[in-house]
Each structure stands twice: as structure tokens, then as C-alpha cells.
């Protein structure tokens, strides 16, 4: 993951590749590299850290010139950020170079096979496996056609990828392939490019093609050929970029936050899909064995902010289907509560960055007491990831906006996976039920896609309610957990005071704050609680509140007291928090836009809180 760029033409490719990588910096990265087809052969230069460090290495190499090359910015998914793990990777005897975005699910199996065939691995990455696989298959090539070899290789690979491949056998040619990761082909005059998105090509050309899933392309300076998975040539639509550079970096969106909201279906798919095989939840290399899950008498979930809210959802799901005691706690409080943690307890720590100071300290404390710590983090080789006993990476990709959206949704998905496997391991879910649970999880990205169709509705509601000074969110059960996250989203980016309350607590003091014109957002997605939530809605509307209702698809309660109703698509009630948060993320975003707030960088907030 993060960014790919490639160039083949008449000019020196190196400065073009470097500029392309700079254009992809907004995606986030921890290392960068290039592979250049020089007169002396294939030359790879790469480094951990910033692109500026890569530029310095290129300058130190002195006088390099090439007209064909590929470049990459990496966001680590397999292996820590390091020079060795940076892309490009060489295959076999060094005549093939590969850059890759995505996750190869069967890389361990392929790595074992290739090691047995004599290939030496110099990194911890899944990408190097692809490089050696292509090199191995290319030995059988009679005509040096690297595109045919890549086509054979991708049929052996499970997972997601965008690939850029160059070979000494075809020194002016780039082969590109794609499945579940974006890749575009820029069309120039006597030159052509590949890139993860148009940001990296629009300084050279505004004409481009989009490579679709399971397609392979051959890019030469004067031609582009695209083939389907069977090697049959296909015609592609030529498109024109109409954005300016600033908009292009955000994929045409005004802010990173809305871009990341819209990316949520893909983000959770990347968390879920690699961990489900043949209707079973599978955890590899994180120590979360069935035996360990059976032994856990208490599950502690620790986090801060949105990560805590994800944990509260996780607590309810784990207790509901796993029937084991589970407690979600604020990391900064956990440390000073003298919590009862015993050997064999399971401690789930949640942090997007993997560097949250309070969460790290709480995890260390739990480990000292004998708990097994499993980290749910997005950043590979972060401190929490390194110190935990096991890691479940969300693989949501870099999140630029300070207010989390897709990382939060990916954390929920990770918690569902843990809950499902825990329930199965403890005998609370049989094999047939596990298959059904997995099928529902795999359908969740599509449900999110449908939920995002409410975008215009939420934009309209924002124009109507953006000037309110206070907003209250109400819910019961999972809806209360979702209400807490919705309230945080609104207050942190729009600076409107908002609070979330358990709906049943209204009569214990909160209702005194309700007056004529108060905006209340009520969530009702749990069928067994519909009647009680309707009763709470009547309580606030009778005192002058205006209510926006976020309702389950089968909500059958009285809606007459509500000003606006937004319904979820059909969804298992257990996963409703993943859907109900989407319209409320959109509401928060559009309210902040209406109020001319700095959406991506709210005042006084940081993306990663590394101090206590």
C-alpha cells in the first residue's frame, strides 16, 4: 500500500518518477523506492523515510539515466518499515523488478514453495514473493514475454494487488495488473505512465485509462495494450482529468474526510476478506488460537476516543455471541483503577496509529498482570504492534483527516472477527452458524455502499441544522455505542456542543436540558428496543425537540413525532453500528463545511496522541 508510479518514454524517467511519488505523498507512506532500466542493467534505489531521502540517494548514485522505470511509496502491511522491506523488489537473478499495492493472502504458502525451489528472500514482505514467483515462471518463457508471465502469476495469487513490473527482457516495457487496488494508465505523446491515481500523472498528461479488476496491460512509449484474465485483448475508454492538482490529491473530493468516508466499504473489505476462508474466520501469526480464546475468562478492551467507542461496540458483540465477560475501558483510566486482570485474560488494545501513549501504557500494565494482549492497529510495526503478543492489522490504508472514519469502521470489522472466532472456539456458535456469520460479514462492505446513498439527504439536513448550539444523541444498546461516536464526530470537527446519552437515562436528569428547538438525533436499529426508543422520542418531542431518527430497515414504530427519518439498508442487528454511524459521519462533515471549519485539521487536535 500506498502509491505506484511508472514511466516509459524518451525523457529521463528518474525525475518524472520522483515527482510522481511526491504527488502521491498525501496518501501517507513510510518508505520509498525506484527501479530504473539503465544502460548497466536494472538498478534499484530505495530507502526508509521520506522521498527527499530517496532523492538524495539518487543524486549520490550520480549520472543515472533511464527512459523506463517504476517507483513506489510504501505503507507497511507485512514487515516493518525498512530499506529491505521497501519497494521495488527484485525477483530471482535480479532481471525483474516489482512494485505492489495490496495484500497477498497466500504469500506464506508461496514463500515456502519458492524457498524450496532455491529462492532467497531478503525482506519480510508479501511483495517479494510475487517478484520471485514471476521470476520462477518466467524461466519457462520461450519469447521473453513478461506480460504472459505476469498473467500466469496472478492466477497463482490470492488477495488484492496493483502491480507494476519491468524486466530486462523488455527494457522499454511496463506490465501492469490489478485486482481490488486502483491503477490508472496515463496516455502521453511518445510516453505513457502507470499510477495509483491520476495525481501522479496530471503534470504529464490528462488523458488516462482505468485498469479494471483482473486485467493486465502492456505499456510501451508508443502504445498500450490491455488484456482480460484470459489474455484476450480488450478496448478501454480513454478519459480526461478535469480536476486541478489540489482536488486530484483528494480524488476529486473537497476534503480528505469525505474521501475517507466514501472509502469505508473498501477499507472494511481489506480488514475482513483476508481473514475468512471457506466460511471460517482464520487468524494467522497473531497467537489468537482457539485454545487461548477458550481459556479467556475476561476480555478487556482498551482504547481512547473513537477507538474506545469501537471497543464498546465490540464489548456488546462479544458478550452477546461469545457469552464471556467483556469490559471496554478508557485507557487513561484503566491505568489508575487498579483493575483486576488475571493470567489468561484477553486484552484487546485498539489504536489507529499504534502509538497512543495511554493505550500503550495500559497494555503494558495488562501484560504485566499476565493478560494476552492482541492489538488492533492500522500502522505496521508501530510501538503497540511491536509490544503486543499478537496483532490484527486493519489494513485500512493511511487516514489523513484527523477525525477518524474509515479506521474506526475497520476497527469494528476487526472486533466482529474476534467475536465470531471467540464464539466458535467456546462452543457458542456451531460450524453452520460460523458460515452464516462469515457470509454476513463478507456482505458488510456492500451494505456500507448502500448506506452511503444517504449522502445528499445528510447534506440537506446539515444546511438546515448547522447553526444549532447544542445537539443530543440518544440510543440504547449498540445504538448508544454508535451515538457516542456520532457525538464525538460532530463536536470535534464542527465545534458544536454535543452529548450522547443512553436513552433510558433521559428521565434521570438529562431531560431538563431539552427545550423548544433542541436538536435530538435518535438511533433505533435494535428491534427488541424499538418500542422503548419511540417512548423516549415522544418524551423529547413533547418538550419541543426536533428529532432526526436513524432507523433499522424493519423499524415499525411510530415515526410521526420525527422531523426526518433515515433508514438503514437491510442488515443484521449485530452489525448495525457499522451502518448507523455512516449518515452521522456525513452529517458531522457537512455541518462542519457549512460552518466553514477546517474539516481535516480541527483546532487543538492531533492525528496521533503520543503524550499522556
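Each Cβ is built from the backbone N, Cα and C atoms, and glycine gets one as well.
Just so you know, TrEMBL annotations are computer predictions that nobody has curated.
Keep in mind the model is a prediction, meaning the values are calculated, not measured.
Per TrEMBL, the feature active site, nucleophile maps to 2. The active site, for Fru-6P isomerization activity annotation in TrEMBL covers 607. According to TrEMBL, the feature domain 'Glutamine amidotransferase type-2' maps to 2-222. Feature annotation from TrEMBL assigns domain 'SIS' to 289-428, 461-602.
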Quiz item: In the domain 'SIS' (289-428), how many residues does DSSP call helix, how many strand, and how many coil?
Solution: 64 helix, 28 strand, 48 coil
Quiz prompt | Helix, strand and coil totals (DSSP H, G, I; E, B; other) for the domain 'SIS' (461-602) | solution = 69 helix, 28 strand, 45 coil
Quiz item: Across the domain 'SIS' (461-602), what does the pLDDT come to on average, as a whole number?
Solution: 94
